[in-house]
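Asks: What follows is a single structure, and I will ask about it in a moment.
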Amino acid sequence: MTLWINGDWITGQGERRRKTNPVSAEILWQGNDANAAQVAEACQAARAAFPRWARQPFTARQAIVQKFAALLEAHKADLTEVIARETGKPRWEAATEVTAMINKIAISIKAYHARTGEQKSELVDGAATLRHRPHGVLAVFGPYNFPGHLPNGHIVSALLAGNTLIFKPSELTPWTGETVIKLWERAGLPAGVLNLVQGGRETGQALSSLDDLDGLLFTGSASTGYQLHRQLSGQPEKILALEMGGNNPLIIEDVANIDAAVHLTLQSAFITAGQRCTCARRLLVKQGAQVDAFLARLVDVAGRLQPGRWDDDPQSFIGGLISAQAAQHVMEAWRQREALGGRTLLASRKVKEGTSLLTPGIIELTGVADVPDEEVFGPLLNVWRYAHFDEAIRLANNTRFGLSCGLVSTDRAQFEQLLLEARAGIVNWNKPLTGAASTAPFGGVGASGNHRPSAWYAADYCAWPMASLESPELTLPATLSPGLDFSRREAV
């Protein structure tokens, strides 16, 4: 029984599915997808639960969310292992994901009050009050790269605001989704407030096409995000929050400290085996002998990165990709760029056939035409050389995406120029592109999405503002508008 609908665990009636470890092929989870009728049933349960949940005092909703946080802390080691085994990422990184889930809850509670709480302004004859109300029934689509942390950012904020939810994890991480939902169950969520439907494309399409849905919160690829946007077009009454991918540029202008610049580049491009939406995909380096030394050192250090199993001891910096198919896709993208005329600086290599273990690849594309503007979700870094900083910014903006952008430079003026001219939601200076804070907005523009799914800014799309002018009594104004005559006529 792998679906949780209206407080009950039930068996899916859709396609049979199993999840294996992407390196060892060990079977981790087996179950059936939700079919269209079960997806509709989950929505009906959420709709029925909404009025009572929305009317709960905020303190009651907060208490359940805080109990969930305590359960995350108590089961941190278990959830860490589930995430690591299912995604293939090293244990150390899976542990940081669970920590981020825990920390995000306190921040989300503060964000609710700061961004969507109640604000009152006194007027001469009453008050003006701003309140926020939940949308209703929302769908949450989770990604596979951070299957606990990223859906958590949507779910916690939406529940605090008083919404009820249907959660569909990625079909590549059903075990993590189920494990997290079981903690919510133990936290005491009332039946129907949060529902779990497992499945792939068919389940997702059934969920996003429901008429009774008030909105959809999505983290994932641009292609799926665009499909959802088209599906919900012409329905302005539904909230649609999209956090999608990026073809992110990292500009290396000044490499006086070569090892520091190499470390920042490795963290930007290859952490999580390149499976972060903010990862650097394009490395823009200034022409000259200094950058030649930097690239040589980058190739040297990156060439020593050996992806390992989730439980290797000592632990590796990167693990496997989400699947052997994902690793193959990265290899094909590298070969495609070679065929276009790219010069390989570091060749990607499969550590073992049939697994998702893939070493990083670096390829130079200076002067190469017709390079696809796409997000290759894995450890592949494309290099371009530029002559001057204005050209670097032009290259950085030469993408339909607009998620993250970074600059390595000692010149503050260059960073100020980048802030003015970069088309990206995240612009970092001498910091990895993959660095983010839950108290800051996370997201981008263009093909990278619209709203900002972080703990702080998620509050914005989980509730709508209601403005009120209020007075405890009704009185006639002392001064009337022109043309109004309230004088009393004497009876004849």
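Counting begins at 1 with the first residue displayed.
Even glycines carry a Cβ here, placed using N, Cα and C.
Below, the features straight out of Swiss-Prot:
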type	residues	note
BINDING	G220, S221, A222, S223, T224, G225	NAD(+) binding site
ACT_SITE	E243	active site
ACT_SITE	C277	active site
Asks: In the same chain, outside G220, S221, A222, S223, T224, G225, whose C-beta lies within 8 angstroms of the Cβ mean position for the NAD(+) site?
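Replies: Surrounding the site, in chain order, are F218, Y226, Q227, L228, M244, G245.
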Asks: Just the number: how many Å between the Cα atoms of A222 (NAD(+) binding site) and E243 (active site)?
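Replies: One finds 8 Å between the Cα atoms of these residues.
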Asks: What count of other C-beta atoms do you get within 10 angstroms of the C-beta of S221 (NAD(+) binding site), across all chains shown?
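Replies: Taking every protein chain into account, the count is 15.
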Asks: Tell me the Cβ neighbour count for S223 (NAD(+) binding site), meaning other Cβ atoms within 10 Å of its Cβ, over all protein chains shown.
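Replies: Result for S223 (NAD(+) binding site): 12 other Cβ atoms within 10 Å.
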Asks: Hey, what's the Cβ neighbour count for A222 (NAD(+) binding site) at 10 Å?
Replies: 22
Asks: Comparing the binding-site residues G220, T224, which residue's C-beta has the most other C-beta atoms within 10 angstroms in this structure?
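Replies: Per the Cβ count, the most surrounded site is G220.
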Asks: Three states by DSSP: which one describes S223 (NAD(+) binding site)?
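Replies: The residue in question, S223 (NAD(+) binding site), is helix (DSSP, three-state).
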Asks: Would you count the other CB atoms within 10 A of the CB of G225 (NAD(+) binding site), including those on all shown protein chains?
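Replies: Neighbour count, Cβ to Cβ under the 10 Å cut-off: 22.
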Asks: Can you tell me the three-state DSSP label for C277 (active site)?
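Replies: C277 (active site) sits in coil per DSSP, no helix or strand.
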Asks: Go through the recorded positions S221, S223, C277 and tell me which ones have a CA within 10 A of the CA of E243 (active site).
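Replies: S221, C277, listed in sequence order.
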Asks: How many other Cβ atoms sit within 10 Å of the Cβ of C277 (active site)?
Replies: 28
Asks: What's the CA to CA span in angstrom from T224 (NAD(+) binding site) over to C277 (active site)?
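Replies: Their Cα atoms are separated by 14 Å.
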Asks: Kindly assign E243 (active site) to one of the three DSSP-derived states: helix, strand or coil.
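Replies: Its secondary structure by DSSP: strand.
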Asks: Roughly how many Å lie between the Cα atoms of S221 (NAD(+) binding site) and C277 (active site), rounded to a whole value?
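Replies: With the alpha carbons as reference points, the distance is 9 Å.
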